[in-house]
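Trainee: Dumping what Swiss-Prot says about this protein:
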type	residues	note
ACT_SITE	Glu188	active site, proton donor
ACT_SITE	Glu257	active site, nucleophile
DOMAIN	766-852	domain 'SUEL-type lectin'
CARBOHYD	Asn31	N-linked glycosylation site
CARBOHYD	Asn258	N-linked glycosylation site
CARBOHYD	Asn475	N-linked glycosylation site
CARBOHYD	Asn766	N-linked glycosylation site
CARBOHYD	Asn807	N-linked glycosylation site
SIGNAL	1-29	signal peptide
Amino acid sequence: MEIAAKMVKVRKMEMILLLILVIVVAATAANVTYDHRALVIDGKRKVLISGSIHYPRSTPEMWPELIQKSKDGGLDVIETYVFWSGHEPEKNKYNFEGRYDLVKFVKLAAKAGLYVHLRIGPYVCAEWNYGGFPVWLHFVPGIKFRTDNEPFKEEMQRFTTKIVDLMKQEKLYASQGGPIILSQIENEYGNIDSAYGAAAKSYIKWSASMALSLDTGVPWNMCQQTDAPDPMINTCNGFYCDQFTPNSNNKPKMWTENWSGWFLGFGDPSPYRPVEDLAFAVARFYQRGGTFQNYYMYHGGTNFDRTSGGPLISTSYDYDAPIDEYGLLRQPKWGHLRDLHKAIKLCEDALIATDPTITSLGSNLEAAVYKTESGSCAAFLANVDTKSDATVTFNGKSYNLPAWSVSILPDCKNVAFNTAKINSATESTAFARQSLKPDGGSSAELGSQWSYIKEPIGISKADAFLKPGLLEQINTTADKSDYLWYSLRTDIKGDETFLDEGSKAVLHIESLGQVVYAFINGKLAGSGHGKQKISLDIPINLVTGTNTIDLLSVTVGLANYGAFFDLVGAGITGPVTLKSAKGGSSIDLASQQWTYQVGLKGEDTGLATVDSSEWVSKSPLPTKQPLIWYKTTFDAPSGSEPVAIDFTGTGKGIAWVNGQSIGRYWPTSIAGNGGCTESCDYRGSYRANKCLKNCGKPSQTLYHVPRSWLKPSGNILVLFEEMGGDPTQISFATKQTGSNLCLTVSQSHPPPVDTWTSDSKISNRNRTRPVLSLKCPISTQVIFSIKFASFGTPKGTCGSFTQGHCNSSRSLSLVQKACIGLRSCNVEVSTRVFGEPCRGVVKSLAVEASCS
């Protein structure tokens with residue numbers, strides 16, 4: 001009886017503990033739903049501002065700071081894709097470690113107090129190799145991607161379930177007390193679904209049903225999918241989404257990808273998006289009824305290893321995002337958007353309460369007003385003209401609206417923010433070069449520290465095989481390597497016309513891309529590259545008898561977008577012919593017996609990660625020769641700034657630091673000369689090629705090396721140089737920030753948005769004038785000089801300011817007095833401070849300062 005009584009007590013205690021656990025979980029769990037205005041969390045509509053950070057494009061050591069900077073910038077949500085190819089590189093062999101530790105990334109966002117939007121896809125596009133699909137998926141029998149195909153649906157459901165179950169196990173959905181408030185299935189399918197016919201409709205319905213069956217307890221969305229079945233929320237992607245409307249009056253207006261810039265391709269100039277236009281797009285979206293928008297990207301990061309897609313997407317995925325590739329703030333973009341977010345949040349009570357009332361204020365001018373029953377009022381005044389500024393009357397008061405701008409009035413009276421008027425300083429950044437040599441010697445002395453191994457030209461591995469005809473590359477390599485050798489031995493008779501004295505043969509090659517090198521009898525004869533198709537005519541010297549033709553085909557990222565992108569293909573598909581340079585008949589080589597080798601000998605022997613006795617250290621170091629592996633050791637650059645390698649002097653290849661692949665390098669890929677301008681007018685619709693820089697220059701010379709991959713000393717750099725270059729020209733560079741600050745603020749600027757309180761009232765009536773604020777970005781810095789200061793009509797931009805026809809003689813001395821020796825300073829932009837240098841014009845204060 002005594003034992004039985006104890007057992008009853010134990011069971012009662014277990015029940016009590018279980019009840020307590022249920023209560024605790026219930027107390028922390030959130031109920032996430034939606035209505036026509038917004039996502040609803042625990043019964044309250046939310047205005048949400050989100051930003052994309054892709055966890056594999058940075059390192060776990062970088063994640064906390066990236067997430068904190070996102071929060072400091074005014075974000076509520078971190079949005080990320082889930083990268084199937086990284087998590088399941090081989091079928092049923094999973095990877096959730098290192099840069100692919102998705103659980104850790106989501107938990108860090110939660111720790112910072114941010115929500116998460118998990119875009120499972122599992123097709124992601126993202127300029128990621130093969131759109132995020134693992135290439136083994138291509139070889140599943142009977143499979144057809146992204147359509148009503150049973151093998152594909154089975155694999156898609158299996159992986160999606162794997163991710164959802166993992167999130168559930170870690171209690172990461174909001175319904176479990178976690179940060180995930182929204183999940184996405186599929187991705188931009190509506191852009192290309194017409195190519196799949198009727199099967200696309202049934203596939204989308206199946207995708208929605210499958211996702212809902214996983215019972216996450218939070219809503220699901222489909223982006224760019226106008227026929228997304230209920231209860232899926234269809235969302236918008238693009239540079240502008242103010243005109244977007246969801247496919248049901250019961251769904252909120254949501255923007256899952258607001259492209260903050262654009263991606264860079266090898267051979268292309270660098271695109272950028274002016275922050276005035278980006279802010280305009282955001283303000284217009286909230287003006288027109290939106291309540292959730294996401295920056296794609298907020299931090300772009302780096303395409304480490306062989307993850308870049310395209311083809312020909314660069315290793316840098318900087319994207320001109322508010323936080324740059326290296327994790328530093330891009331100013332004034334980050335700061336201007338932070339101020340925008342504060343202004344929008346001042347309007348939240350009114351925004352979520354009702355739909356806007358939109359009225360015309362004139363041609364290309366409009367007002368949107370949100371009012372609550374309790375009397376809260378917020379207004380957005382827009383001028384969508386691309387050239388002309390305007391003065392409008394609203395509620396009996398005049399407001400100046402620059403062209404292509406929106407003013408936000410959290411109380412329907414006072415302007416808290418205008419998208420075209422920046423109150424955040426431009427902060428200069430620069431790379432400081434450091435030699436690889438431990439004692440700081442010149443890079444010219446580095447040859448003695450380098451060792452090398454020559455990669456054999458042509459067939460060198462035991463697993464090479466013979467096949468008649470030309471094989472498509474992806475089907476042959478399964479993307480295990482960028483490299484595929486096509487080798488042919490052909491006999492040339494002595495009476496061939498191209499053996500005549502002074503005559504050459506022409507080797508004609510056609511390839512699907514992306515790079516081809518042609519070796520004749522062991523010597524490089526020519527090469528070419530192209531995104532989709534390569535056609536080469538290479539003059540070559542042949543000999544009577546047996547000649548060896550070795551063609552090395554190289555991929556630079558697999559296609560990631562478009563209908564049937566998985567079938568695009570790569571490699572040498574022919575025709576391949578020999579003919580005389582003088583004309584005449586040609587010899588067909590394509591149909592002959594070719595020997596194939598997948599990958600390089602150096603890859604098989606692990607030269608990037610495993611020490612080898614084959615490394616040669618003797619001088620002279622062979623340079624400007626193709627197909628050479630190089631290795632050196634180096635000390636980590638001093639300081640804590642982000643690190644890059646400048647590959648200027650090399651050709652093309654792949655590099656590793658301490659066994660970690662930093663990606664493909666290609667500093668000899670030069671952008672064309674057309675399309676770049678000294679400045680870019682933010683006014684008017686943005687497009688990917690509107691604002692370009694670095695024309696006529698290498699697309700990318702600097703390649704990110706995360707600090708966490710480095711040791712203080714004894715670091716190993718290995719590179720495979722395929723094209724031919726001089727590795728002794730390589731240098732390290734650390735990215736410095738904050739030495740120069742520049743800002744121009746006019747009398748027509750609104751006061752700093754920080755002067756507003758959360759109840760939409762100006763907190764300090766003495767601070768209702770515009771203010772120029774400067775702050776050194778590093779806590780140990782102070783402003784030590786004012787290079788330029790002018791209150792009046794200054795001209796120019798940062799680094800080239802000049803005085804205009806009107807200037808207060810007190811400008812420099814007053815700014816120096818207010819700022820020198822301080823980390824931050826505020827200077828009121830008014831005649832009360834500077835006097836009246838000229839009447840009848842709106843005056844500005846322009847300042848360029850230096851931080852110590």
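Cβ coordinates are placed from backbone N, Cα and C, and glycine is handled just like the others.
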Trainee: Provide the number of Cβ atoms within 10 Å of the Cβ of Asn475 (N-linked glycosylation site), excluding the reference atom itself.
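Mentor: Asn475 (N-linked glycosylation site) is surrounded by 13 other Cβ atoms within 10 Å.
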Trainee: What subset of the recorded positions Asn31, Glu188, Asn475, Asn807 lies within 10 angstroms of Asn258 (N-linked glycosylation site) at the C-alpha level?
Mentor: none
Trainee: Here are the glycosylation sites: Asn31, Asn258, Asn807. Which has the lowest count of other Cβ atoms within 10 Å?
Mentor: Asn31
Trainee: Quick one: mean pLDDT on the domain 'SUEL-type lectin' (766-852)?
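Mentor: Reported value for the domain 'SUEL-type lectin' (766-852) is a mean pLDDT of 95.
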Trainee: Identify which of the active-site residues Glu188, Glu257 has its Cβ surrounded by the largest number of other Cβ atoms within 10 Å, counting every protein chain shown.
Mentor: Glu257
Trainee: What is the interatomic distance between the Cα atoms of Asn475 (N-linked glycosylation site) and Asn807 (N-linked glycosylation site), given in whole Å?
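Mentor: Cα to Cα, Asn475 (N-linked glycosylation site) and Asn807 (N-linked glycosylation site) are separated by 69 Å.
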Trainee: Express the distance between the Cα positions of Asn807 (N-linked glycosylation site) and Glu188 (active site, proton donor) as a whole number of Å.
Mentor: 53
Trainee: I want to verify one value. Collapsing DSSP to three states, which class is the residue listed as 'active site, nucleophile'?
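Mentor: Reduced to three states, the DSSP call for the residue listed as 'active site, nucleophile' is strand.
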Trainee: Roughly how many Å lie between the Cα atoms of the residue listed as 'active site, nucleophile' and Glu188 (active site, proton donor), rounded to a whole value?
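Mentor: On Cα coordinates alone, these residues lie 10 Å apart.
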